Amino acid sequence: MGESAYEQDEAGRSRRFQALALPHLDAAYNLARWLSRNQGDAEDIVQEAFLRAFRFFDAFRGDEARPWLLAIVRRVWYDEWRRRAGAEEVAPFDELRDDAPLEGWETGGVDPETLAIRAEDARHVQDALRRLPVEYREVLVLRELEELGYREIAAIADLPVGTVMSRLARGRRRLATLLAAYRGERGAASEPASESVVRAPGCADDRAGVGGSNQARRPSGRGSGGRFREEPAADGGAPLRSRTDGRTTEAPDEL
């Protein structure tokens, strides 16, 4: 017995959706992972986001699919955070407004020592990014890792372009401050008389066998399939809210 016209239409709709959405699955997971900082939460967020996207696929008008999908991912995350957080207050924005260029991102120099230093710096960049408040972290991830334009980020985050630029500036400023603190501590650690473990305040130890577990990661970035070469660790960073099931979630400073 052949398929009904409805079943054929649904099968065709499913194929069109998969062709449109699946190429952006990694980007969706990466954003969910950075927002939630929890692998299980990220997987749940992406699953719910793709279900919503399929449900409302007929409303998609053929614009860029990636910003459309990432906007749904972000909305699912914030809906879930609101559900968990209820009416609890969240911390306000700080008043940092100055942008600051990040140092040490040059591409020259290929000797092994230089490459080793860069790899170590990149691990601390990732750690510092993970510690930023979520409203800074999300725009930096979308801009620097997903390489989206200001208008695309504004559409995803449902913000004016000016607010996106302001958050990027503040986020970069905070990131640069964290990295400057790390550089100062690394300089102190290089002195022969020093035997102390050097780490940024509030960070997990990056060295295996000292303190806790080894949480060092490769530089964040997009691999050949679009996914980060290593996923961000789920510990450390901004204040976390505990859940009865053992997972954690972060309260965004401002929605």
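Note that Cβ sites are derived from N, Cα and C of the backbone, with glycine treated the same way.
What TrEMBL records for this protein:
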type: COMPBIAS; residues: 242-255; note: compositional bias 'Basic and acidic residues'
type: DOMAIN; residues: 23-85; note: domain 'RNA polymerase sigma-70 region 2'
type: DOMAIN; residues: 125-175; note: domain 'RNA polymerase sigma factor 70 region 4 type 2'
type: REGION; residues: 185-255; note: region 'Disordered'
Practice prompt. Please give the average pLDDT for the domain 'RNA polymerase sigma-70 region 2' (23-85) in this predicted model.
Written response: 88
Worksheet item: What does DSSP give as the helix, strand and coil breakdown of the domain 'RNA polymerase sigma-70 region 2' (23-85)?
Response: 55 helix, 0 strand, 8 coil
Discussion item. Across the domain 'RNA polymerase sigma factor 70 region 4 type 2' (125-175), what are the DSSP residue counts per state (helix, strand, coil)?
Written reply: 42 helix, 0 strand, 9 coil
